[in-house]
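One structure follows; several queries about it will come next.
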Amino acid sequence: MLPLLIKMLPLFFKVLPLLIKMLPLLIKMLPLFFKVLPLLIKMLPLLIKMLPLLIKMLPLFNKVLPLLIKMLPLLIKMLPLLIKVLPLFCKMLPLFFKVLPLLIKMLPLLIKMLPLFNKVLPLLIKMLPLLIKMLPLLIKCFLSSA
């Protein structure tokens, strides 16, 4: 595991300035973190079981990371909305872990579809303002159907 950590060190230093900029926001989110912490502790055995899989997926994560870094300003703008949705997300987490084995089986197919996703991405980005406006309505519909 140590060689892997050493490999990730340059990446950590690339992201560090961004983390420092986000520190005030992270401090504001601390109370929310403590609300979610009991759930995370309950999930710890499952996360430990998944660790080998997560390590295998690290190369894929490294490919996606530059895109995530580019999207970070947008994600920061969306953070208040994400914080509102987080309790719902936490409720859905157990379901996610039930579906995760299926998603893992589908991963090769999803990777094959990535070029198509890249073609559709510009359109999705153009539609993002509309999707953001519709999100409260979608959440209400989802909550009423749950």
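Counting starts with 1 at the first residue shown.
Backbone N, Cα and C atoms are what each Cβ position is placed from, and that goes for glycine too.
No curator has checked TrEMBL annotations; they are predicted automatically.
Heads up, here are the entries from TrEMBL:
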TRANSMEM  6-27  transmembrane segment
TRANSMEM  39-58  transmembrane segment
TRANSMEM  64-83  transmembrane segment
TRANSMEM  95-117  transmembrane segment
TRANSMEM  123-143  transmembrane segment
With Cβ distances under 8 Å as the criterion, find the stretch in 6-27, 39-58, 64-83, 95-117 that has the most pairs with the transmembrane segment (123-143).
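The stretch I would name here is 64-83.
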State the non-local partners of the transmembrane segment (6-27) in its own chain: residues 6+ outside its ends, Cβ under 8 Å from one of its Cβ atoms.
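Residues 62, 65, 69, 72, 76, 79 contact the transmembrane segment (6-27) from elsewhere in the chain.
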Who are the chain neighbours of the transmembrane segment (64-83) in space, where the CB to CB distance is under 8 Å and they lie at least 6 residues beyond its ends?
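Contacts with the transmembrane segment (64-83): 11, 14-15, 18, 22, 25, 29, 32, 128, 132, 135.
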